Amino acid sequence: MIDFEKTKLILASNSPRRSELLKQAGYEFEIIASNMDEQTSETEPALVVKDLSLQKATNVFNSIMKVVNLSLDAYEGVSLMIIGADTIVAKDNQIMGKPKDHDQAFDMINLLQNNTHQVYTGVSIILYDFETKEKKVHSFHDCTDVEFYPMTDSEINSYIETGDCYDKAGSYGIQGSFAIHVKGIRGDYNNVVGLPIAKLYHEFEEM
């Protein structure tokens, strides 16, 4: 069982949605976003998100340890926990990340409208005990099915013009104005937002 009163928790993400979910769950944490290029040799959606989330967590862990080695006293008696996360959208195993431009966003949403797709979020946890030097690494993923209503070209373009699509996998945010096009979901809603917070809580209990 993790003693969070003696654990420095770091979220390796600038995502305001992941940050809000952690806050709602009552966790105190700092944000240190990873600065790595998101590249992976994996091709299956579940493996892609787990690999990228681990890369992000590892990148931040290594950066912190370089600083810690200069000021170990500041971390005496505490553990360090890094949470990395990555979310993708997949339709028939075709992976969709964040769109680069209007045309790409249109193509993504057009493929997803009037269909059911999957949203995968991978989460990696690195737990390091400064006293024992023990390092634990654990990764998992969650998957949620999302179904969209049919959408006209005009509806797709109107949403893209809001600019809300460009920082989101699959070119949409389920918690924003796009919600009117979501017919239903099967699975964890928060997983679609970017962090399966309930599953994360239970994964903490296993560490």
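Even glycines carry a Cβ here, placed using N, Cα and C.
The feature site 'Important for substrate specificity' is assigned by TrEMBL to Arg17, Thr87, Gln175. If you look up TrEMBL, you'll see Asp86 marked as active site, proton acceptor.
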Smallest number of other CB atoms within 10 Å: among the recorded positions Asp86, Gln175, that is Gln175
One should report the C-alpha separation between Arg17 (site 'Important for substrate specificity') and Gln175 (site 'Important for substrate specificity'), rounded to whole angstrom, as 9
Should one count Cβ atoms within 10 Å of each candidate's Cβ, the recorded sites Arg17, Thr87 would be headed by Thr87
As a whole number of Å, the Cα atom of the residue listed as 'active site, proton acceptor' is distant from the Cα atom of Gln175 (site 'Important for substrate specificity') by 17
Quick note, Thr87 (site 'Important for substrate specificity') and Gln175 (site 'Important for substrate specificity'): C-alpha atoms separated, nearest Å, by 15
According to DSSP, Thr87 (site 'Important for substrate specificity') sits in strand
